[in-house]
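Since the structure comes first, as structure tokens, the remarks are kept for the end.
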Amino acid sequence: MGDRGQQHRFDAYGGGGRYGGGLKGDPHQRTGPSPSKVLAVVTMLPVGGTLLALAGIILFGTLIGLAVATPVFIICSPVIVPAALLVAFAVTAFLTSGLAGATGLTALSWFAMYLRQASQAVPETMEQAKRRMQDAAGYAGQKTKEVGQEIQRKAQETK
């Protein structure tokens with residue numbers, strides 16, 4: 001009964017109060033990064049710095065090489081440009097021939113599949129065609145008989 005006078009507060013982060021619980025956990029628990037995270041940062045910082053320095057050196061060397069090679073490219077351009085065009089056209093032709101071959105194989109496989117499906121449907125289609133021909137022949141025979149009777153009737157009326 002002594003609980004009635006005791007105040008209960010609700011902490012926004014953990015529920016707090018007399019019953020504890022919530023998300024906060026033990027207040028004596030250590031906060032901050034774990035030793036494995038600290039070790040990872042300490043290890044990766046020099047590695048990342050070294051890789052960044054190497055990237056800068058490579059970029060600087062590339063720029064120097066381009067500055068040195070540009071006059072050679074300009075002097076040799078009557079030879080280099082046609083050679084580059086020849087290589088580009090050869091690569092384009094090779095890729096185009098491969099694409100044409102792939103397109104041909106795709107078309108042939110589609111045609112083979114179409115023929116396979118058509119050959120399975122032929123007996124059913126043939127039965128339907130036979131029935132239609134019989135119906136058409138019966139209809140033509142009926143019409144011929146009616147026209148013949150009509151001609152006979154007109155011939156007898158004219159007598």
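Backbone N, Cα and C define each Cβ position, glycine as well.
The feature compositional bias 'Basic and acidic residues' is assigned by TrEMBL to 1-11 (among others).
Annotation comment: TrEMBL describes 13-24 as compositional bias 'Gly residues'.
The compositional bias 'Basic and acidic residues' annotation in TrEMBL covers 143-159 (among others).
Annotation comment: TrEMBL describes 1-34 (among others) as region 'Disordered'.
Sequence annotations record features per position, and here TrEMBL assigns region 'Disordered' to 138-159 (among others).
If you look up TrEMBL, you'll see 38-66 (among others) marked as transmembrane segment. Within its own chain, the transmembrane segment (38-66) is flanked in space by no residue lying at least six positions past its ends with a Cβ under 8 Å from the stretch.
Listed by sequence, the residues of this chain that lie at least six past the ends of the transmembrane segment (72-95) yet keep a Cβ under 8 A from its Cβ atoms amount to none. Annotated transmembrane segment per TrEMBL: 72-95 (among others), in sequence order.
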Helix, strand and coil counts within the compositional bias 'Basic and acidic residues' (143-159) (DSSP): 16 helix, 0 strand, 1 coil
